[in-house]
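Pulled from Swiss-Prot, these are the features on record:
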- His83, His182: heme b b562 binding site (BINDING)
- His97, His196: heme b b566 binding site (BINDING)
- His201: ubiquinone binding site (BINDING)
- 33-53: transmembrane segment (TRANSMEM)
- 77-98: transmembrane segment (TRANSMEM)
- 113-133: transmembrane segment (TRANSMEM)
- 178-198: transmembrane segment (TRANSMEM)
- 226-246: transmembrane segment (TRANSMEM)
- 288-308: transmembrane segment (TRANSMEM)
- 320-340: transmembrane segment (TRANSMEM)
- 347-367: transmembrane segment (TRANSMEM)
Amino acid sequence: MTNIRKSHPLLKIVNSSFIDLPAPSSISAWWNFGSLLGVCLALQILTGLFLAMHYTSDTTTAFTSVTHICRDVNYGWMLRYLHANGASMFFICLYLHVGRGLYYGSYLYKETWNMGVILLFAVMATAFMGYVLPWGQMSFWGATVITNLLSAIPYIGTNLVEWIWGGFSVDKATLTRFFAFHFLLPFIISAMVMVHLLFLHETGSNNPTGIPSNADMIPFHPYYTIKDILGLFMMITALLALVLFAPDMLGDPDNYMPANPLNTPPHIKPEWYFLFAYAILRSIPNKLGGVLALVASILILIIIPLLHTSKQRSMTFRPISQCLFWLLAADLLTLTWIGGQPVEHPYVIIGQLASILYFLIIIVLMPLIGLMENHLLKW
C-alpha cells in the first residue's frame, strides 16, 4: 500500500517539498536562512494578527492603543516586542540569505532569484508601513520624508504623493491605508514565497561548490529538518534575548513621543535595516538623483546574473572574488553606520565614497575580477 504522504493530493505536495525532497549532501549552514525566513514570516503574521485585534488605525488613538497593548493586554508587551524585533530578525536573515546567494552564485537560477528580489521589495514596503503605525514622532516624520521622495518624479510627482497621502499631508487617511496594506501584504508575501519555492524546486538547490550535485543527493528529512531546527533554536534564543532583555535597543527613543506635525525631530532616520539605503539616498545632493540611487541600490540585484563573467559558479575557489565580496559586506556595514549619523563632516564624504564603492564593486569590479580569474586559470 502506498504511504498516505505520497498519495494524498495535498500531503504529496508537502512531501515533495519538505520530506522526500532530494537535497545536495554538502549544503552548509548558510542554507538554513530560507527556512528561518519562513518561520519569521509565520511569527510576524501571528503576532501581527493579535496586535491588530487591539490596535486602532486612527491618528487620535493609534499611539494610545499601542501603549494600551503594552500596559493592559495580557502579554501585550511581549507581542509588541516580538513583532518589532521579529522584523529585525527577518531582515538579518534576509540579508544573510541574499549574501549567500551572491557568494555561491545561486543567482544563476534566474526565476528563483528574481522572485526573491521582488519578495525583498515587498518585505521592505511592509516593514516601512509597519513602522508608521505606532504614530510616534519617528513614525510620522519617517512616513513624511520617505513618501515625499516620490515628489521628485517629474511631472506626476506631486500628484502621486498627495494621492498616496490621501490629502495634503500625512494624516488620518494615510495611517488607515498604511494599516490596511500592512495587514494585507504579508499574505501576498506568503503566496509569493510559494512561487519562490516552486521555482527553486524546478532546479533543486545549489551547493557550496557550485558544481551540479545530481549524483550525490540526500532526502531533506531527517537530515536538513534537524539541521534547520538547530538554526531555528539559535534564532529564537537571540530573538527572546532581545525581547526580554533589551526590547528597545534597536528602536528609536523619539518614537515614544506622540506624532507632532509642528515639531521636527533633530535627526530623522529609518529603522536600522534601511540605513544603508538611506545613506545612499543622502549621499547625492539632488533629490531625483538620490531617489534613483536609492531604488538602484536594491534593484541592482536584478541584473547580477547578467554581470556574472566567471566560468565558475561559486566563489568557493575564487579567492580574489572572495576579497571583493567581503569588501562589499564591509562597505554595507559602513553605509549602515553612516545612515544613522547626522549630515555633517566627515560623515557626508564617507557616505559618498561608500556609495560609489558599493556600485563600483557590483557593476565594474566583480565582472572584471571574474574575467581575470578565468584568465589566471587559462580558461
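Yeah, the Cβs are placed from backbone N, Cα and C, and that goes for glycine too.
Of the recorded ranges 33-53, 178-198, 347-367, the transmembrane segment (226-246) has the largest number of C-beta contacts under 8 angstroms with 33-53. Contact counts against the transmembrane segment (77-98), taken as Cβ pairs under 8 Å, peak for 33-53 among the stretches 33-53, 113-133, 178-198, 288-308, 347-367. Of all the binding-site residues listed (His97, His201), His201 has the fewest other CB atoms within 10 A of its CB. Outside the transmembrane segment (288-308) by six or more residues, the chain places 98, 102, 105, 107-108, 110, 113-114, 117, 120-121, 124, 149-150, 152-154, 276-278, 280-282, 355, 358-359, 362-363, 366-367, 370 with a CB less than 8 A from a CB of the stretch. Ranked by Cα separation from His201 (ubiquinone binding site), the binding-site residues His83, His97, His182 are led by His97. Between the C-alpha atoms of His83 (heme b b562 binding site) and His97 (heme b b566 binding site), the distance comes to 20 Å.
The distance from the Cα of His196 (heme b b566 binding site) to the Cα of His182 (heme b b562 binding site) comes to 21 Å. The Cβ of His196 (heme b b566 binding site) has 21 other Cβ atoms within 10 Å, all protein chains considered.
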